[in-house]
Amino acid sequence: MSARAFSISHEDRAKLIQGAFEAKKGTYSPYSKFPVGAALLAADGTLIKGANVENASYGGTICAERTAIVKAVSDGIRSFVGLAVVTNVPAAISPCGLCRQVIREFCHLNMPVLLVPADYPQTLKEGEEPKPGYTEGGVKETTLGELLPDSFGPEDLELPRQGDGGGV
Ligand SMILES: [Zn+2]
């Protein structure tokens with residue numbers, strides 16, 4: 001466990017990890033052949049699953065993380081306590097930049113983000129120490145703020161502004 005205090009319980013962690021694996025089954029990724037599953041845990045305990053949904057017009061592709069966020073928000077769920085992401089790669093794979101920004105719209109910067117290896121739970125060899133930032137089972141535990149430092153968010157649009165805009 002890293003020195004940082006994550007506000008996620010063991011139970012919620014397990015729920016998120018399992019949810020991400022289940023979410024990945026919904027992938028539609030015939031082009032990239034890179035299935036991704038994301039699970040979002042809402043403050044009310046609801047687990048929202050999302051998979052990546054690709055498109056023959058590649059720009060229409062939607063990542064798993066954004067699928068989950070959009071499903072939740074459009075159902076009226078806007079308060080989240082954790083996110084887990086898993087791919088078929090046996091290593092921690094991070095959300096893309098676009099997803100980080102979309103997550104930022106609705107989630108606290110200190111919200112835990114669990115990057116789960118495909119071969120979870122990984123086991124450490126005798127005497128081996130987990131890498132910094134990694135926890136039980138080979139999960140990389142980070143936060144939205146670490147993934148998207150110095151970010152722009154909704155509150156920035158509330159700041160007082162100089163002039164009427166449209167010039168110097
Ligand atoms: Zn993405």
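Note that Cβ sites are derived from N, Cα and C of the backbone, with glycine treated the same way.
Look at TrEMBL and you will find GLU65 tagged as active site, proton donor. What TrEMBL records for ASN52, VAL53, GLU54, ASN55, ALA56, SER57, TYR58 is substrate binding site. Among the features that TrEMBL reports, Zn(2+) binding site is placed at CYS63, CYS96, CYS99. Feature annotation from TrEMBL assigns domain 'CMP/dCMP-type deaminase' to 11-155. Look at TrEMBL and you will find 124-168 tagged as region 'Disordered'.
A Cβ distance under 8 Å defines the sequence-distant neighbours of the region 'Disordered' (124-168), meaning residues of its chain 6+ beyond its ends; these are 1-2, 4, 6, 17, 83, 92, 94-95, 100-101, 103-105, 107-117.
Around the Cβ of CYS96 (Zn(2+) binding site), the same chain contributes CYS63, each under 8 angstroms and 6 or more positions distant in sequence. The secondary structure of ALA56 (substrate binding site), as reduced to three states from DSSP, is coil rather than helix or strand. Among the binding-site residues ASN52, GLU54, TYR58, CYS96, the residues whose Cβ sits under 6 Å from any atom of ligand 1 are CYS96.
CYS99 (Zn(2+) binding site) carries a helical DSSP state (H, G or I). Across the range of the region 'Disordered' (124-168), the DSSP-based residue counts are 12 helix, 7 strand, 26 coil. Within 10 Å of the C-beta of GLU65 (active site, proton donor) there are 26 other C-beta atoms, taking all protein chains into account. With a cut-off of 8 Å between CB atoms and residues at least 6 apart in sequence, the same chain places TYR28, SER29, PRO30, TYR31, SER32, GLY60, THR61 near GLU54 (substrate binding site), listed in sequence order.
Rounded to a whole number, the distance between the Cα atoms of CYS99 (Zn(2+) binding site) and TYR58 (substrate binding site) is 16 Å. A gap of 6 Å separates the Cα atoms of GLU65 (active site, proton donor) and CYS99 (Zn(2+) binding site). Sorted by the number of other CB atoms within 10 A, the binding-site residues ASN52, ASN55, SER57 start with SER57, the lowest. Computed over the domain 'CMP/dCMP-type deaminase' (11-155), the whole-number mean pLDDT of the model equals 97. Least crowded of the binding-site residues (VAL53, ALA56), judged by neighbouring Cβ atoms within 10 Å of its own Cβ: ALA56.
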